[in-house]
């Protein structure tokens, strides 16, 4: 009897202990496997550089998620050098992490290394610019779509059918950059369908606001009828905005730009600096990315077996459609769940 | 314009026609200016000419700072980094709630410290300027990223109206043009009329001789880099005011080579001791005219780079034919 009581007590204690150990885990058939898939995994992020908003947002999202799910997250920062990036990638291939998150500087430079990583059994997610090599997943913007949205904004604002002058100018970054090239091809496709729109200037400023300012101030003076400027990156387009402001044409010349949707962008829309803004919502991308991490690690397929993409839903922001949550701040990201 | 060198010092009575690089570049500038004026409607508008100068005024201001250093036989490859970091820190401080006066003073102080450190390394530790400033450029960038600013792009605070006003207009003239003129005049007066200004020429021409004559060569070297760093801060604040943002990636761009380009193009030899503010202005104007004309022509990026490179090459070739290497350059060597 005593022994039986003892055994029963021991059994109760064991059940209790076991129950406590899994207290946070109700087995609904997936949850235990979900947590198991992430626990102790090694995830490494290779950005272009950690010094601008996009990688900071994505990294913050992954950091939060890593703390929640117990995976090991680290960043290798090549600080804008694709050589340093390629070296880091080569080292990583021999270190064999479970998952690599790669931000490509262009479509070619990492292509071969990404294929090698996949062959070495490392899963790879690419973000915001896809390499010619396809890997497990791509999360990010479809640059062609950005171009379509921007071109349509300009046509909507400037078409002679609607009383505009039909004259627009384009401020490119570096023509050889793939995001520049892809966005431009979309703009050219839309313009081909709208012959009433005339491009009076299409210049490159090398993503530099100072150069953009110099070019735009000249173009604006040469083309008094200019209706809109289409710029390919918000930071560079600060220069275009300054040129428009100087010429006293803030109302006459519309400026359409794109970017990741951080707070200063919405400030610029509110004060009329930007007339239209194509946002690829880096905050949303962070959630897409962390979801993709969970998905790739759970599916546990052979690397590269079933590639998929999550293209960022694009958000057009104008002054009158802007809402309190149209843009985000780093504080929002730091306090968001991932 | 061709310069007439009277060669009085040599005691020769006959005036001699001398083709200097400055006059060659000025001639090229005039040819382009005339060509664009005839071919491009709107080029000769007062408005366009002002914006032409405005667009190169930051480059010109930096060029003057670089010119002062180069005349003293040095070079400041850290200038653009100093500009970016000191300005970025000032704006970041303002965003963090520091008062504008203390923010500007701190930024200026940072630039001054950088100039003093570079000057100390070159003058007292005797590291060649090209290596000292190249290394310092990396150090300043790294330190700045680590301790001062953590983002590449820093936006001006919304309420900094006084800062925006720095790039406004005065009597229809864009203020950056006036700042360029002011810096040019100040530098001209310094180089031409002050004793220290003359010392810089003496040092650039022959450092040892200058030293024996009793010129305080080392403190003067420190002064040169101090001046160039402080002017860099001024150029940075004007840029920030104009664009309402500071982008520290400019520190890693090729901008410092553009600055050297206007200095060399204008005819300030890298071997030092020659030239003046006028050379920088001429070099800057040529670049301004070229950029403006090519923008109006809507030339592509690649073609523009090609034209710029070709013009520089032509200027150098003509110069080396007109002014062949002599005994002195052979002894001193170029930089």
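Note that Cβ sites are derived from N, Cα and C of the backbone, with glycine treated the same way.
Just so you know, TrEMBL annotations are computer predictions that nobody has curated.
TrEMBL lists transmembrane segment for one of the ranges B:24-43, B:204-223, namely B:24-43. Checking TrEMBL for transmembrane segment across the ranges B:254-273, B:314-333 points to B:254-273. Counted over residue pairs 6 or more apart, the CB atoms of the transmembrane segment (B:225-248) and the transmembrane segment (B:24-43) come under 8 Å in fewer than three pairs, which marks the two as apart. Here the transmembrane segment (B:129-148) has long-range neighbours at 69, 74-82, 84-85, 88-89, 92, 110, 114, 117-118, 121-122, 248, 251-252, 335, meaning same-chain residues at least 6 beyond its ends whose C-beta is under 8 angstroms from one of its own. With a threshold of 8 Å between CB atoms, the same-chain residues lying at least 6 positions outside the transmembrane segment (B:49-70) that come near it are 76, 79-80, 83, 129, 172-174, 176-177, 179-180, 183-184, 187, 190-191, 200, 204, 224-225, 227-228, 231-232, 234-235, 238-239, 242, 258-260, 262-263, 266, 268, 270, 272, 275-277, 279-281, 283-285, 287-289, 291-292.
The stretch from B:77-95, B:168-191, B:254-273, B:280-297 that makes the most Cβ contacts under 8 Å with the transmembrane segment (B:101-122) is B:77-95.
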